[in-house]
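Quick look at what TrEMBL annotates:
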DOMAIN    A:15-227  domain 'Cytochrome b/b6 N-terminal region profile'
DOMAIN    A:230-406  domain 'Cytochrome b/b6 C-terminal region profile'
TRANSMEM  A:45-73  transmembrane segment
TRANSMEM  A:93-118  transmembrane segment
TRANSMEM  A:130-151  transmembrane segment
TRANSMEM  A:157-175  transmembrane segment
TRANSMEM  A:196-217  transmembrane segment
TRANSMEM  A:250-271  transmembrane segment
TRANSMEM  A:315-333  transmembrane segment
TRANSMEM  A:349-369  transmembrane segment
TRANSMEM  A:375-395  transmembrane segment
Amino acid sequence: MSFPWAKQYQPQNSLMKWVDERLPVPRLVYNAVGAGYPVPRNLNYFWNFGVLAGAALGIQIITGIVLAMHYAANGAIAFDSVEHIMRDVNAGWLLRYAHANGASMFFIVVYLHIFRGLYYGSYKAPREMVWLLGVVIFLLMMATAFMGYVLPWGQMSFWGAQVITGFFSAIPGVGETIRVWLLGGYAPDDAALNRFFSLHYLLPFVIAGVIILHIWALHIPGSNNPTGVEVKGEQDTVPFHPYYTAKDGFGLGIFLIVFAVLLFFYPNYLGHPDNYIPANPLSTPAHIVPEWYFWPFYAILRAFTVDFILPAKLWGVLAMFGSILLLFFLPWLDSSPVRSNNYRPKARIAFWVLVADVLILGYCGGSAADPVYVILSQICGAYYFAHFLIILPMISRSERPTPLPNSITEAVLAKHGGTSPAHTALTPAASS
Amino acid sequence: MASIDTAVPPGEDPAPYHEEVADPRRRDFINIAAVAFAGVGAGVVVLPLVNQMNPSADVLAQATTEIDLSKIAAGQAIKTSFRKQPLFVRNLTPAEIAAADAVPLSELRDPQSLEERTKGKKNWLITMGVCTHLGCVPLGAGEGENKGPFGGYFCPCHGSAYDTAARIRKGPAPTNLVVPDYAFSSDTTVTVG
């Protein structure tokens, strides 16, 4: 589906015509990321991050397939096989560092992508399904990243596996049985390592599949835009190619520069030195923390210190999963018909407070479990839930938005110092 | 029809919107330069992805093997391994040397004299135990194995027969058994690789 003015694919020669009549893949590409997909003309650079996330997934899949050619998922030799990759395999250091830091880059762009969606109301009707699929992708990413981090079989790998599977032991009654089932043993060992490797290889392709659904769902209403006002006519859009292929290409260049700086100059900056110590089931590292991209959720997990009806351990696990599952309900928690926070003065403030809140949670999650950080985690964790369950629904009902532009084109022209009724959607015929 | 990118927004200087009349346009130049740069970059990125499949440093480090010849009597052969492949070391009898020398080079598919296939000591025939047809291990090095019609080695897979200098004489294999790089480190020890 697309706008009625979308350009139709015209095969350039008889060969492409022959292909198009039998398997219209070129047409599919043309309509998805070519000139056949009309996109709002006013997208800013925050709209780069979807493409960048796709690129990051591509980098992870390519480097991951290559690493799997050298890695051995066996507790006795897994750690050595990773060192073998680092020291013996041709360009192995490059491929492994690219994969490890590529995961961080993937999460950086995905977090920016999510906050872009939050700020500009991209989760609202008619794009709820895009948002829901996005949360599914995020959950799959977290599972994939966790299992990948276990594979080098260092100290952080081992104790990460121990702690994360320990979440399930919080389930009343059957918890311990589930934990043992997940691990295939009483502690992480060969069985766990092998199944994590198998699933770590599988899930990225599941993610790729859900991304196809995510883009499919997106292309039905078309992209949101910084005004949040729907496209009203041809003058509000430009073809994806060349306008956004060029803009995304530029963004990809910046992304790759940042990635290269991280990869070539600070390859271990985001890692933990403890993971260069082989896994030891008899000794837990003094300061055990997950990778940075899990810190906010880890802070919420640790924030529960007192039993209240349920054990504190169970509260922590429920809250941690709840903080993500909550996002599934966001499209219905925020009932304001105005999408973009550019026109919502109160929601905009709440948005930036939420950003600060999540950053503080992240800082707490990455720090040792000192009482100060635990209290801070409790306050910020409570605020996180309050934002989505209380503050945002209340603002949606009480807030008076600032006037919206009549159309995307009017907003664009107003920025350039003039408005022309002839170019707005009220008289679409006048523009052509 | 004015398209979006040629339309001049009201109140703006029209000059930038009409500047692109030169051929090639500035935009074409930037486009070609950017795509070419990205193409070269993508090409370079492929190199490590291909190179990682080459033998790694630890595999290359297996490249030498020491062999003790003192226990091999005339007429005997041993199978050992070099780079995870079978290696035949054979102490030829004078009769076998004579048989190899008697064959005129013009009769051979891959002409080489026994002299050329050994290093100074004509009785020590050291070859890879890998048939040059499709890589099976020929028979003939072990006690009581079929040495084939030419008294050297015989490959059971597709019937290639090698003579006492491990030269191909009959069957589908194209070349003689490969002689690896080796040197005598003393009278009774050889370093292969």
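Glycine residues also receive a Cβ, built from the backbone N, Cα and C atoms like all the rest.
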Beyond the flanks of the transmembrane segment (A:250-271) by at least 6 residues, Cβ under 8 Å: 45, 48-49, 51-52, 55-56, 59, 94, 97-98, 100-102, 104-105, 109, 291-292
Distant-in-sequence neighbours of the transmembrane segment (A:349-369), which means Cβ under 8 A and at least six residues beyond its ends: 115, 118-119, 287, 289-290, 292, 294-300, 302, 341, 376-377, 380-381, 383-384, 387, 391-392, 395
Across the domain 'Cytochrome b/b6 N-terminal region profile' (A:15-227), average pLDDT on the 0 to 100 scale: 96
